[in-house]
Amino acid sequence: MLSKKLAIDHIPHLIKGKRVLMRVDFNVPIKEGKIKDLTRIQGALPSINYCLENGAESVVLMSHLGRPDGQRVEKHSLKPVLPAIEDLLKKKVQFLDDCVGSEVERECKSASKGKVILLENLRFHLAEEGKGVINGEKVKATKEDIAAFRKSLTSLGELYVNDGFGTAHRAHSSMVGVNVDTRAAGFLLKKELQYFSKILETPERPLTVVMGGAKVADKIQLIMKLLELADELIIGGGMAFTFNKVLDGSNIGKSLFDQEGAKIVPDIIKKAKERGVKIHLPVDAVAADKFEESAATQLVDLKTGAIPDGWMGLDIGPKTIEQNSRVILRAKTVFWNGPQGVFEMAPFSKGSLSMLDDIIKATQTGATSVAGGGDTVSLLGKVKGTTDKFSHVSTGGGASLELLQGKQLPGVVALSDRQ
């Protein structure tokens with residue numbers, strides 16, 4: 001049970017005078033030495049500040065950045081992140097150019113008076129992920145190297161805080177290998193667990209799930225699991241055309257068709273019927289003659305008409321928007337994963353933007369709304385001022401989807417249980 005795990009605000013009395021080792025997610029986009037999006041760094045601030053306010057001797061921050069595959073790659077150094085952390089924390093932060101080893105251990109052990117230290121990229125070492133690539137060859141870290149790496153990390157703190165939800169589904173050394181007595185979730189991780197446990201364990205009903213994206217096959221496990229939880233399921237985006245073709249035999253022109261996913265559609269419909277879940281598919285679509293913003297478009301009624309050969313469906317139409325709106329506005333819990341159309345192009349963004357508006361309206365009238373998945377989160381990022389109108393926007397694409405599929409997250413399992 002997610003709610004049984006120890007969190008940082010359960011242990012203020014244990015923080016005083018302790019060296020805190022904190023796993024954060026500073027995997028931020030950097031271009032020409034400049035950070036393009038500060039969201040992840042800002043997200044870690046409440047946990048860092050809480051430790052400092054409660055008298056931590058020091059806070060040592062560790063993170064990965066990019067995929068250096070177990071080698072030191074300068075463009076993946078965390079050093080460019082330092083000025084942003086100092087600016088946001090309004091205090092000096094010491095940067096160490098490694099994350100383990102005798103020199104790092106010495107610096108971290110002697111840090112005092114609320115000092116904050118940022119370690120170099122964890123993934124510069126093979127032992128963080130347990131594998132990597134050297135000279136184009138895939139290599140694995142030895143058991144001895146992994147044990148030594150974890151021992152060195154463990155010595156850097158007396159208390160461990162995990163605030164890196166984005167990699168909690170990976171059994172990496174910084175997630176599962178820090179062997180101290182007290183291992184707690186930071187505020188960011190706690191919030192993620194709170195909202196996902198609400199969906200998984202105690203949802204207010206009706207619970208409506210909105211699925212989008214391209215392929216059915218990619219999300220089959222997720223859809224099957226969500227059919228055990230949901231009352232209503234809205235299917236949109238590219239994957240909807242696979243459902244339309246299989247179920248109605250409709251001509252979908254050059255729209256996305258997922259050959260593998262098509263084989264699974266009857267199983268999804270069967271399970272939905274067994275569980276009494278209402279599935280809502282598009283009844284009309286905006287079709288285009290090419291995959292471009294300047295394409296010619298036409299509205300197609302999917303019940304009576306067909307998408308012409310050579311044309312492709314790139315968004316849901318007004319009748320579907322209306323249908324979805326009714327479903328969303330009666331929901332008490334909404335989980336949104338995947339846009340309704342090609343929202344990056346203005347002529348095909350209406351379906352996704354209407355969905356966004358409806359979920360915000362539902363939230364304002366008391367529903368719990370959770371958004372997850374890269375495309376959905378980037379849509380919210382594009383439309384200013386929408387993120388904070390959701391109950392929760394998840395920071396962990398893969399981690400949140402694995403959690404919803406009923407899988408255990410190694411980074412969460414490794415946390416101490418509440419007494």
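The backbone N, Cα and C atoms fix where each Cβ goes, and this holds for glycine too.
R123 ((2R)-3-phosphoglycerate binding site) counts 26 other C-beta atoms within 10 Å of its own C-beta, drawing on all protein chains shown. Annotation comment: Swiss-Prot describes V24, D25, F26, N27, R40, S63, H64, G66, R67, L122, R123, H169, R170 as (2R)-3-phosphoglycerate binding site.
A simple way to gauge crowding: the CB of G213 (ADP binding site) has 22 other CB atoms within 10 angstroms, across all the protein chains here. Here Swiss-Prot flags G213, G237, F343 as ADP binding site.
Taken from Swiss-Prot, the feature CDP binding site covers G213, D218, G237, G338, F343. The secondary structure of G237 (ADP binding site), as reduced to three states from DSSP, is coil rather than helix or strand.
Cβ neighbours within 10 Å of K219 (ATP binding site), excluding its own Cβ and spanning all shown chains: 23. DSSP classifies K219 (ATP binding site) as helix under the three-state reduction. Taken from Swiss-Prot, the feature ATP binding site covers A214, K219, G238, G313, E344, D375, T376.
As annotated by Swiss-Prot, Mg(2+) binding site applies to A214, A217, D218, D375. In the three-state DSSP reading, D375 (ATP binding site) counts as helix. For D375 (ATP binding site), the number of other Cβ atoms no farther than 10 Å from its own Cβ, over all displayed protein chains, is 18.
The annotation AMP binding site is assigned in Swiss-Prot to A214, K215, K219, G238, G313, E344. The Cβ neighbour count for K215 (AMP binding site), using a 10 Å radius and every protein chain shown, is 17.
Secondary structure from DSSP puts G313 (ATP binding site) in a beta strand. Counting every protein chain shown, 28 other Cβ atoms lie within 10 Å of the Cβ of G313 (ATP binding site). Neighbour counts of Cβ atoms within 10 Å were compared across the binding-site residues R40, H64, R67, R170; the minimum falls on R67. Among the binding-site residues V24, R40, R67, G213, the ones whose Cα sits within 10 Å of the Cα of K219 (ATP binding site) are G213, in sequence order.
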